[in-house]
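> Please see the structure below; I have some questions.
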Amino acid sequence: MAWTSLDDMDLKGKRVLTRVDINVPMEDGRVTDTTRIDRIVPTVKDILARGGKPILLAHYGRPKGKVVEEMSLKRVRPVLEKALGVQVRFAPDCVGPEAEKAAAELRDGEVLLLENTRFHAGEEKNDPELAQQMAKLGDVYCNDAFSAAHRAHASTEALARLLPACAGRLMAEELTALEKALGNPARPVMALVGGAKVSTKLDLLLNLVAKVDTLVIGGGMANTFLAAKGHGVGKSLCEHDLLGTAREIMAKAETTGCKILLPEDVVVATEFKANAPSKIVHADSVPDDMMILDAGPIAVAAIATALGRSQTLIWNGPLGAFEIPPFDSATKSAAQIAGKLTVNDGLVSVAGGGDTVSALNQAGAAEEFTYVSTAGGAFLEWMEGKALPGVAALG
């Protein structure tokens, strides 16, 4: 898809309303992970370098249209200032007289951070009047928050239609990587989808079996598919009400020529806790009193073979209960294999979703992947083939 980028805009002397994602984790009022702040730095610095005045719009948490002091963005201002290396001013609202005064007084080389957009109920309702008030603060609109692009909110969708609009550097990087992975990918394409429940990823699986050559299903989801094939899964997490749906997905894959890879062997234990006694069994021989907590070595070898034959990999979700050792083994091994193939053999590897990013970081493979998306819901909806309102508004 085509979108307008920062390079297409004349920014000199313009106030650039820039939608960013700085919804960073905090403990006791202190930012504990600056990743999201670090990732917007190139866009903000680029706007400054080209003579623009960046005015940052962002949400924080879920205040539900009320002012909640603990969700004020003023706590993020010092961290943002340190990351950017320039003065960051703060306005105690994102619309109205105080915000308009702060925007009018912003000097060259400075950045203005506006207060949490979600302090206004109209933000999540995509209220055109709130967007009109926001539009008074700027001359140009730049969206650099792909992670919020699946939401049609006032600051992501309505506002983009009121001012000349473009994608920021992070947004453009994300869209380019995603287009390369699913829009016009090098084939064969392999998707690896894990996680606990089929019910949360139904649309995703149905879209992928029509688009990819190999689909690896892992995590708790795989148990539902194994049960649908008639295998006993013991005490494992399994959505027995979705066995028919799992069979439909497998039937659709046959008609589209997509090969579904389910684990041939699995790691089982009697309880889900760190270092619980475990053993490896064939996927059709799970004891009644045990539960599946990871894919086994034969399954990992099959994934490695499929990866070796693929040109493109899309990854969402872990292969097992990766947060508790030793049930992180399959996810770590597969991530490390994919990372090596990316670096050495030119595999295009794109991954996204919160658990996925954590798993790749644990495996030490995140840096080797072609692109790791920080977006959760937006990445998933893009993989489901849905139009993202915040992106469509930039077209």
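Cβ atoms here come from the backbone N, Cα and C positions, even for glycine.
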> Can you find which of Arg89, Arg151, Arg161, Arg169 TrEMBL lists as binding substrate at the same site as Asp21, Ile22, Asn23, Arg36, His59, Tyr60, Gly61, Arg62, Arg118?
Arg151
> Calculate the distance in Å between the alpha carbons (Cα) of Asp355 (ATP binding site) and His59 (substrate binding site), and round it to a whole number.
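One finds 22 Å between the Cα atoms of these residues.
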> Looking at Cβ-Cβ distances, which residues of the chain lie under 8 angstroms from Thr356 (ATP binding site) while being 6 or more apart from it?
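Long-range Cβ contacts: Trp315, Asn316, Gly317, Pro318, Val372.
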> Express the distance between the Cα positions of Arg36 ((2R)-3-phosphoglycerate binding site) and Gly61 (substrate binding site) as a whole number of Å.
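Cα-Cα distance, Arg36 ((2R)-3-phosphoglycerate binding site) to Gly61 (substrate binding site): 14 Å.
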> I'd like the number of other C-beta atoms within 10 A of the C-beta of Arg151 ((2R)-3-phosphoglycerate binding site), please.
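The Cβ of Arg151 ((2R)-3-phosphoglycerate binding site) has 20 Cβ neighbours within 10 Å.
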> Counting other Cβ atoms within 10 Å of each residue's Cβ, which of the binding-site residues Arg36, Arg118 comes out lowest?
Arg36
